[in-house]
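**Student:** Dumping what TrEMBL says about this protein:
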- Asp108: active site, proton acceptor (ACT_SITE)
- Asp7, Ile8, Gly9, Asn10, Thr11, Arg12, Leu13, Lys14, Thr139: ATP binding site (BINDING)
- Tyr99, Gly106, Ala107, Asp108, Arg109, Thr189: substrate binding site (BINDING)
Amino acid sequence: MSFLAIDIGNTRLKWALYAGPQPGSPMLAHGAQFLENVEKLAEHDWAALPVPTSLLGCNVAGDGMRRRVEEQLEQLERWDLEPRWVASSAQAGGIVNGYDHPSRLGADRFVALIGARHHVLSRGRGQAPKPALVVMVGTAVTVDALDADGRFLGGLILPGHGIMLRALEGGTAGLRVPTGEVREFPTNTSDALTSGGNFAITGAIERMHRHIVKRCGQEPVTLMTGGAGWKVSPSLDIPHELIDSLIFDGLLAVQAHRLAL
Ligand SMILES: Nc1ncnc2c1ncn2[C@@H]1O[C@H](COP(=O)(O)OP(=O)(O)O)[C@@H](O)[C@H]1O
Ligand SMILES: CC(C)(COP(=O)(O)O)[C@@H](O)C(=O)NCCC(=O)O
Ligand SMILES: [K+]
């Protein structure tokens, strides 16, 4: 009953093979490829994997990238798998999608919210569930708010670190410098850029935290995921947890729910 979860972002494809299609299943293998290298998946990452029984993915990198990944899946003759991709909808996995047009919410954000809701419900045994602040630090950074009932209230999209630095380099004459350190009072260009980018991201997160406390009357559980989460976490002033598998947790919850239908 092994289950393959695939998360296609705008920088990297992440994948994980689980023993079964339900939250809590042991992870048997995992990996990542930068998008320019997805043609390596069939011959490298997946060639020696045990044949998965089912597969569910989320993709925010466009239809062309989805087709390139599906071609990799087709190359594995032993895998007779119908690829299925999550589409954001009005509700799923215990959350209600409050977006103006629910289908326009990024599938990775939608799945991360479902994963976060699963974490909130599975730890608060007996107590009332808490709101969640769900942060994804990837190519872009998203900062999403889930209330205590699992309603997605809305969220922020801001540039990831890499895009901020490339935009500054491209738009100025003097900002092409090596990466620096995060400092309270940066005294060189490298530290100023690294600190500015970092505090733009942590500032947005701390701001959304205040919005949630005001709206929900209580502190949210703050869950952070994404390839650059480790860079942001040290200077984030609010209590939070880094959960690398948050999107995979959401895909497991969706798949378990689908199979239960
Ligand atoms: N192996 C790596 N080398 C360099 N940067 C990385 C690596 N993995 C993650 N990152 C950082 O994380 C970001 C990509 O994280 P990821 O969560 O994979 O993004 P996305 O989901 O948008 O594809 C990059 O912009 C970079 O800042
Ligand atoms: C905001 C995103 C680009 C984040 O993608 P990522 O940084 O993970 O590659 C993605 O969630 C997306 O394409 N969203 C669609 C627009 C929206 O959510 O409003
Ligand atoms: K992502």
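Glycine too: its Cβ is placed from the backbone N, Cα and C atoms.
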**Student:** How many Å separate the Cα atoms of Gly106 (substrate binding site) and Thr139 (ATP binding site)?
**Tutor:** 13
**Student:** Going by a 10 angstroms cut-off between Cβ atoms, which of the binding-site residues Thr11, Thr139, Thr189 has the sparsest surroundings?
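**Tutor:** Candidates: the binding-site residues Thr11, Thr139, Thr189. Fewest Cβ atoms within 10 Å: Thr189.
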**Student:** Taking only C-alpha atoms and a 10 A limit, tell me which of Gly9, Thr11, Leu13, Tyr99, Thr139, Thr189 are near Asp108 (active site, proton acceptor). These are the binding-site residues.
**Tutor:** Gly9
**Student:** I want to verify one value. Collapsing DSSP to three states, which class is Gly9 (ATP binding site)?
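**Tutor:** Once the DSSP labels are grouped into three classes, Gly9 (ATP binding site) ends up as coil.
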**Student:** Can you give me the residues near the recorded ATP site, meaning same chain, not Asp7, Ile8, Gly9, Asn10, Thr11, Arg12, Leu13, Lys14, Thr139 themselves, Cβ no more than 8 Å from the center of the site's Cβ atoms?
**Tutor:** Ala32, Leu35, Val60, Ala61, Gly138, Gly227
**Student:** So which of the binding-site residues Gly9, Thr11, Tyr99, Arg109, Thr139, Thr189 sit close to ligand 1, that is, with a CB under 6 Å from an atom of it?
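**Tutor:** So the answer is Gly9, Thr11, Thr139.
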**Student:** If one looks at the chain holding Leu13 (ATP binding site), which residues at least 6 apart in sequence have a CB under 8 angstroms from its CB?
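**Tutor:** Residues satisfying the criterion: Ile6, Asp7, Ala32, Gln33, Phe34, Leu35, Val38, Leu41, Val69.
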**Student:** Need the DSSP three-state call for Ala107 (substrate binding site) to compare against my parser.
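**Tutor:** Looking at the DSSP assignment, Ala107 (substrate binding site) belongs to a helix.
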**Student:** Which residues of the same chain, at least 6 positions away in sequence, have a Cβ lying under 8 Å from the Cβ of Arg109 (substrate binding site)?
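**Tutor:** Sequence-distant Cβ neighbours: Ser88, Val134, Met136, Thr142, Asp144, Gly155.
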**Student:** In whole Å, note down how far the CA of Ala107 (substrate binding site) lies from the CA of Gly9 (ATP binding site).
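**Tutor:** It is 10 Å, counting Cα to Cα.
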